[in-house]
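Per TrEMBL, the feature compositional bias 'Low complexity' maps to 150-159. Summarising the annotation, TrEMBL assigns compositional bias 'Polar residues' to 160-180. Marked as compositional bias 'Pro residues' by TrEMBL: 184-193. Annotation comment: TrEMBL describes 213-224 as compositional bias 'Basic and acidic residues'. The domain 'RING-type' annotation in TrEMBL covers 53-101. Annotated region 'Disordered' per TrEMBL: 144-226, 291-310, in sequence order. As annotated by TrEMBL, transmembrane segment applies to 265-283.
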Amino acid sequence: MGLCKCPKRKVTNLFCFEHRVNVCEHCLVANHAKCIVQSYLQWLQDSDYNPNCCLCNTPLASRETTRLVCYDLFHWACLNERAAQLPRNTAPAGYQCPSCNGPIFPPTNLAGPVASALREKLVTVNWARAGLGLPLIDEVMSPEPEPLNSSSFSDWSSFNATGSPAQEKTESTSAPTVFYSQAPRPPSSPSPPEQHTVIHMGSSEPSTHAPRKVYDTRDDDRAPVLHGDYDDDKYRRRPALGWLAQLLRSRAGSRKRPLTLLQRAGLLLLLGLLGFLALLALMSRLGRGAADSDPNLDPLMNPHIRVGPS
């Protein structure tokens, strides 16, 4: 069990294998839609994970994904194609997860962000609407993209060849400057200098992993944290008395308000009363011990007291 770092601060047993943080179902749908998420106990047993879809063996982040109620993640197109190949008279229990053979359709009494997001996906296809007991819809086949006509690009060489020499020279000088280009500044001109133009061109290669942000609402400057939540030393072995050092460090770092005059007087009065009671107890114990060993107080040593038959 762990505590999610979102503002809801929910206790959860789900763990993101990619970011190595505890996540609740709300954060799972909002911020970790394409991450491998399973139980924290399973991560402790085996922290290795496969970032690819098990149906097409391509990265999950490259296409639209959907998560089942067993928290297994697949490409929506791959899962839809696999389920559409089954016969139309297949029972709802026949639609199973390709990884764990769990049910694809969420139970009717299951409520949660993951189940709601899955139902929103399933109601868009007929095989799932039949399993959910909904009326079928008319599926519109997506038009195939038209092949590009290579003849329209055949005149590119002639188009480039007819360019002016000055334009070719300008293109050749500006070709190496891909990420940053700066407008030329005249050496002596009464007019104000031209503004720099910065152009950032992204990489032409498709990225397989989208950047994600882990939200942490804790303020480290104001609230002292007893232990740091870092990936490097999060799971290393702690010393036996490490908790005592952390407790003393947290106590020493906290600021205390100075006592008022009335509080000081009350504290001194309490200390004086405790000291007086301790002194009385000590003197009583010492006086009783001295009286027990005093022969003058022994009745058998008194000549006026006779013990025995008269």
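From the backbone N, Cα and C atoms, a Cβ is placed for every residue, glycine too.
Remember, TrEMBL labels are computer predictions, not curated facts.
Same-chain residues lying 6 or more positions outside the transmembrane segment (265-283) and placing a CB less than 8 Å from one of its CB atoms are 259.
Secondary structure of the domain 'RING-type' (53-101) per DSSP (helix as H, G, I; strand as E, B; remaining residues coil): 15 helix, 8 strand, 26 coil. Summarised by DSSP class, the composition of the region 'Disordered' (291-310) is 8 helix, 0 strand, 12 coil.
When averaged over the domain 'RING-type' (53-101), pLDDT in the model lands at 89.
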